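Read the structure below first, then the notes.
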Amino acid sequence: MALRGPLSRLLRCTLSSCQQNRSHSVAILGAPFSKGQKRRGVEHGPKAIRDAGLVERLSNLDYAVHDFGDLTFKHLEKDEHFMHVPFPRTVGRANQLLSGAMSGAVGAGHTCIMLGGDHSLAIGSVDGHAQQCPDLCLIWVDAHADINTPLTSPSGNLHGQSVAFLLKDLQNKMPQVPGFSWMKPFLSARDLVYIGLRDVDPGEHIILKTLGIQYFSMRDIDRMGIQRVMEVTLDHLLARKQRPIHLSFDIDAFDPSLAPATGTPVNGGLTYREGIYVTEEIHNTGLLSVMDVVEVNPTLGATPEALEATTSLAVDVIASALGQTREGAHIAFPKIPEPKEDTELRL
């Protein structure tokens, strides 16, 4: 595996404190990778999101945007199944590469946006973030819990097991998956909150209940309202102390009518207003440090309009997390302009 030029330069930057102000510097890391699941096409997600105007949107929010391009992943010719898990070594190596890139970007003082790719990439993204910010907390916005182990997963796909690799609480429940010897679990169950769940496997359900993980299903959102969900989420994660937030956002958290170009759509998802409210509230904390946006699959858009709807939504979510508001961004006019002294009405 190799890094393209800008990324290799990024990793040579002098690392700075995790608490450094990143308010006007955003790094974009592309991860065109699909081996965490069986549908091809999701590797084209980073390009599709960029083509939808991501860099321009963030630049208009007055950020210095550093697009470090895409990681280059090499797929192993021989990568036998582990149990019924496909491509374990390929996925492990890809995440190791991403972890190093993310650690470098966070350490260089940027707020980071990781564009996937499938959700197995969150393993490397969160791990790299944690190398610089070991006290981070994780908000996982998704239709799925992605907390299966190889012993509970119905499909074996690693994009449905990402969180299990991160949690210290599951360390004795996880077999030694080939390709992942480089990492050790580091996250406590109390430092994780799910939003938007509506397709949870039986094994995942017992894990969530046994570990006491805070989660909000779509039923909870219907019952409580998204405002109360975010109040409880942020109180749960930040009441003890203020700390960096890692937001991992699967586009399938939205209802498929809004985001059709994705691999595992589930009816009854977040509305546009609910999803944007989530990211607005996270931005308002001032603590967002890294955001993943994953599972945009351009090949699954039945029409050009379906693809455009999905990629535009991804850009909206990212921009909202970085300060775009539904009241206006308030960049062009920091105060009410006044006429200059030499400005006179000429008759």
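Each Cβ is built from the backbone N, Cα and C atoms, and glycine gets one as well.
According to TrEMBL, the Mn(2+) binding site annotation covers HIS119, ASP142, HIS144, ASP146, ASP250, ASP252. The local packing around ASP252 (Mn(2+) binding site), expressed as other Cβ atoms within 10 Å of its Cβ over all shown chains, amounts to 29.
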Neighbour count (Cβ, 10 Å) for ASP142 (Mn(2+) binding site): 27
Listed in sequence order, residues with CB under 8 A of HIS144 (Mn(2+) binding site) and six or more positions away: GLY160, LEU197, ASP199, VAL200, ASP250, ASP252, THR264, VAL266
Sparsest-packed of the listed binding-site residues (HIS119, ASP146, ASP250) - C-beta count within 10 angstroms: ASP250
Additional residues around Mn(2+), ordered along the sequence, whose Cβ is within 8 Å of the centroid of HIS119, ASP142, HIS144, ASP146, ASP250, ASP252: TRP140, ALA143, ALA145, HIS159, GLY160, ALA253, THR264, VAL294, GLU295
